[in-house]
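Structure first, then comments.
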């Protein structure tokens, strides 16, 4: 029954094709599409007035918005708050997108809510295309779940942008966050950081409290202007090093970006607790600087796979990170380089990108910072031997995905050739003997490493470039482990 629900959900992907593959539409078209969310929501029995009864923390940004939301979810749960958390994309199971008290909704509950909402929308269809897209459907599903499960707060991660994202249908949002900004989804959001900042700041509501981190030049001014237009207060959160801790978290604060996200999550959580009079600290304190044990436990207890995650796997150390922008790839490469600096193990990269992202820029960044002996390009497929309906794309076939991988390998060859002709690969960490391959799945890549280096040799493996690749890798590791 769950499998059937997912297969039916996947049929809604085709409706999203124009959003993913066309250039930006006019504001009028975007507004019209945004208003569709309200139409579909009402058809499921949820008016905007009913949605207003849901207390919301809303988070937009280019990098770290999912991680920030996960931290907020865990921090508030550690205070005894009943939380709902909507995120995207999922890594292995679609149930990951809708969490209650930090735990993905059960398959049984997912199926129950899915068919109820789906059938309501089907019955009220006015024409063949009168159904929400994949992401919009899941957003509407999440709102229904959170209302029916009577959560104290719904933590919403924006899908793409902010201004026209379907999560932005919410109106009762007093606490908002904007994470680090960078260039991503430029065909939808704009080609400059200022344009992207305008889109992200579109989630700001009248008289809300907006928290953000230090941003690239020009971005903060755009966010500030949009906040002023809504009579909202804007606060840049403190540097992580300035906090006073009762007990420092033992994990999730190792890298600079993790500490940045943690600081934002602390202030978002504290602001929501203040607004609901659920904190012992005096209300006059606008920014929290002395961190309680509950907050520390919340940060340490956050489980958010696929982001700066290291998994010991037999004689392999598997480093997984869903970085897919130049800035996040840089952080990822530094994290991998720092953790393998004292290791003489062979270093391997398993890589893929999705959409129209600039492969050359991402690879150049990786190769400038980290050393690799083998680079393997694979589609976002765990294995041809086992199949996950949750991660099936009806938009991209295997042949197209393999062709993209071959193009990625060609980009690598061009980068190495350019550098070799310039100055003997100077700046690319001496990778003149780099070995590269295109393989059909992550499982094939792991098998290739076994045959190349032997199962008894320690190898460090970085898997990055796409969260979908990371999800396929986690699934492959599960199955390879089971088979062994």
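Quick reminder: no glycine exception, Cβ is built from N, Cα and C everywhere.
Feature list (source: TrEMBL):
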type	residues	note
BINDING	88, 157, 185	Mg(2+) binding site
BINDING	307, 321	ATP binding site
COILED	2-29	coiled coil
### Query
Between residue 88 (Mg(2+) binding site) and residue 307 (ATP binding site), what C-alpha distance do you get in Å?
13
### Query
Reported as an integer number of Å, what is the Cα distance between residue 307 (ATP binding site) and residue 157 (Mg(2+) binding site)?
16
### Euclidean distance between Cα atoms of residue 321 (ATP binding site) and residue 157 (Mg(2+) binding site), Å
18
### Query
Within 10 Å of the Cβ of residue 321 (ATP binding site), how many other Cβ atoms are there?
24
### Message
In the three-state scheme derived from DSSP, which category covers residue 307 (ATP binding site)?
### Response
coil
### Query
Which of the three DSSP-derived classes (helix, strand, coil) applies to residue 157 (Mg(2+) binding site)?
strand
### Query
Averaged over the coiled coil (2-29), what pLDDT does the prediction give?
69
### Message
At a 10 Å cut-off from the C-beta of residue 88 (Mg(2+) binding site), count the other C-beta atoms across all protein chains.
### Response
20
#### Entry: All-chain count of other Cβ atoms within 10 Å of residue 157 (Mg(2+) binding site)
25
